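Enquirer: Copied straight from TrEMBL:
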type     : residues : note
TRANSMEM : 43-64    : transmembrane segment
TRANSMEM : 85-103   : transmembrane segment
DOMAIN   : 102-391  : domain 'FAE'
ACT_SITE : Cys246   : active site
ACT_SITE : His325   : active site
DOMAIN   : 408-488  : domain 'Beta-ketoacyl-[acyl-carrier-protein] synthase III C-terminal'
ACT_SITE : His409   : active site
ACT_SITE : His413   : active site
ACT_SITE : His442   : active site
ACT_SITE : Asn446   : active site
Amino acid sequence: MDGGRDAQVNAGDGGDSGVQIHHARRLPDFLQSVNLKYVKLGYHYLISNLLTLCLIPVMAVILIEASQMNPNDIRLLWLHLKYNLVSIVILSAVLVFGSTVYITTRPRSVYLVDYCCYRAPDKLKASFHQFMEHSRLSGVFDESSLEFQRKILERSGLGEETYAPEAMFFIPPRPSMAAARDEAEQVMFGALDNLFANTSVKPKDIGILVVNCSLFNPTPSLSAMIVNKYKLRGNIRSFNLGGMGCSAGVIAVDLAKDLLQIHRNTCAVIVSTENMTQNWYYGNKKSMLIPNCLFRVGGAAVLLSNKSVDRKRAKYKLVHVVRTHKGADDKAFRCIYQEQDNAGTAGVSLSKDLMAIAGGALKTNITTLGPLVLPISEQLLFFATLVFKKLFNKNVKPYIPDFKLAFDHFCIHAGGRAVIDELEKNLQLQPIHVEASRMTLHRFGNTSSSSIWYELAYIEAKGRIHRGNRVWQIAFGSGFKCNSAVWQALRNVTPSVNGPWEDCIDKYPVKLVL
C-alpha cells in the first residue's frame, strides 16, 4: 500500500525518471483499481451456481457416452432391464408412493391475489399548523408539551398531508365510542370495497377473515362488523387480533397462512388497521405525547388464496414468515406500554430504550431469517469470519451479511424516522432501499400495522417490481416483537386501481429536511 502511494506521488511530480520506471513495473494496487463490489458480486454468482457448474461436465460426459452407443449396446441394455422386472416394479412402486406422499404432505402455496390501502378524504388532512393549533385550542396541553410536540413533528419525517381522525377536528375533540366505530368502519369498509371491486371476489367466497387492530377492540368485534356489513357466510373462520402493536400485520399473514394449510381451496382476507379516535393522549407526559405526533389514519385489506387457479392472477407468492418475540424480557415488554399518567389520563408510553430493544429483536429475527434467504456465498463468508474471530482474532468485526443479495425491495415499517435510519445503517442499505418507507411516513404518517402495505404500493406505483423479485416486509411492535414476511413476485406487478399513490406518485420522492 505504501508503494502504491509513492508511485502516485512520483508520477505526479515528474521527478526522477528511474524511480518512475521502477514503480511502473510493480503490480497495480487492486484494492484501489478494482471495484470490490463487482468482485463480491462475481463471487456470489460463482458460489450460488456452483452445483450447476459441477453438473454441466457430468451431463456432458453422459451425453457423449450416450451418443457413442450402437444398436447392439441398446439391445443389451433392454435385455438387462427385461430380466430384472421385479426390481423395476419395486422401484416404480417406491417412486409412485414417494411422489404421492410428497404431493399430499407438502406445504400448500399461499398467493397474494391483491391488496388495497385506504386513503382518507382530503377534509381529514392535518397540516403541522392545524395540528398545533388544535392542540393549543384544546386547552389540555401546557406550553412545554406544545413545544415538545412541535419539535417532534419537525423531526418526525411526516409531511403536511397525513390524515387525522375526524373526531380530532372538533374543539373540544369528541373521542366517543360512536366516533371510534365510525373511523373503523370508514377505514375497513373503504379498503374492502376496493379489494372486492378490483378482484371480483364475492364476499360469500371468503372462508377465513383475520382482523388486527391494537388499541380499539369493541364488542361486537371488528371482525364481526365486517361479517355483518358484507353478509359473510355462517361458517367463516374469523379472528380478531388486539393489543399486538405495529407488527400485527405480519402476524395476521402468518395466522392466515397456517389456516390455509389446513383448509383447501379457500380465500382469506386480512384487514390491518389502527384506531386513534379514543387513543389520542390528552396529558402532559412527554413519553406519551410522541404517538400523537406520529400515528395517523390508515388501513389495508389483503386477499390471500391457496387455490392453484389463483396463481395466474396473483401478484405474489408467500415464501417465508419469521416471528421474534422478546416479551420474556421485562424492559422489552414495557418499552411500548399503555397506561395512565399521574393525572389518570390514558395513553401509550414509549421507553427511551426502544431503539436498543428494537435492535436486539432485529438481530434475533435476521439471524433466523438469514439462512432461509441468503445465498450460500454470504453464509460461507459469515461462517468463515465467525470461525476466524473465535480461533485467531477476537477483535475482528463480525461480517454483516449483505441482505441486498437476498431481497430486491425492502418494506421497513414506517414507525418513525429514527427506526428507518437505524435499519438503513445496520443493514447497510442504500437510500433507494428505504425510499418507500420514508415516503410512506411522509405522505401517510405511521399507520401502524398497515404501513408495510402502503410501502409495497409505493414500489409498485414506481414500476419497480418485476417477475421473480423478492420483497422483505419487516415490522416492529409492542411486546416486543419483530416480524418478517418474504414475498416473491409472480409477474411484473402494476399498481391496483384506486391505489393510495394514484394521484401523487409523480411528486415523489420528495427531498426531506434532516
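Positions of Cβ are set from backbone N, Cα and C atoms, glycine also.
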Enquirer: Sequence order is fine: just name those active-site residues in Cys246, His325, His442, Asn446 with a Cα within 10 angstroms of His413 (active site).
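Expert: Of everything listed, what lies within 10 Å of His413 (active site) (Cα to Cα) is Cys246, Asn446.
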Enquirer: Roughly how many Å separate the Cα of His409 (active site) from that of His325 (active site), to the nearest whole number?
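Expert: Counting only the Cα atoms, the answer is 24 Å.
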Enquirer: Have a look at the active-site residues Cys246, His442, Asn446 and say which one has the shortest Cα distance to His325 (active site).
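Expert: Going through Cys246, His442, Asn446 one by one, the Cα closest to that of His325 (active site) is Cys246.
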Enquirer: About how far apart, in whole Å, are the alpha carbons (Cα) of Asn446 (active site) and Cys246 (active site)?
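Expert: On Cα coordinates alone, these residues lie 9 Å apart.
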Enquirer: Cα-Cα, whole number of Å: Cys246 (active site) versus His442 (active site)?
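Expert: About 17 Å separates the two Cα atoms.
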Enquirer: Quick one: mean pLDDT on the domain 'Beta-ketoacyl-[acyl-carrier-protein] synthase III C-terminal' (408-488)?
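Expert: Value for the domain 'Beta-ketoacyl-[acyl-carrier-protein] synthase III C-terminal' (408-488), mean pLDDT as a whole number: 95.
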Enquirer: What are the DSSP helix, strand and coil residue counts for the domain 'Beta-ketoacyl-[acyl-carrier-protein] synthase III C-terminal' (408-488)?
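Expert: DSSP composition of the domain 'Beta-ketoacyl-[acyl-carrier-protein] synthase III C-terminal' (408-488): 37 helix, 21 strand, 23 coil.
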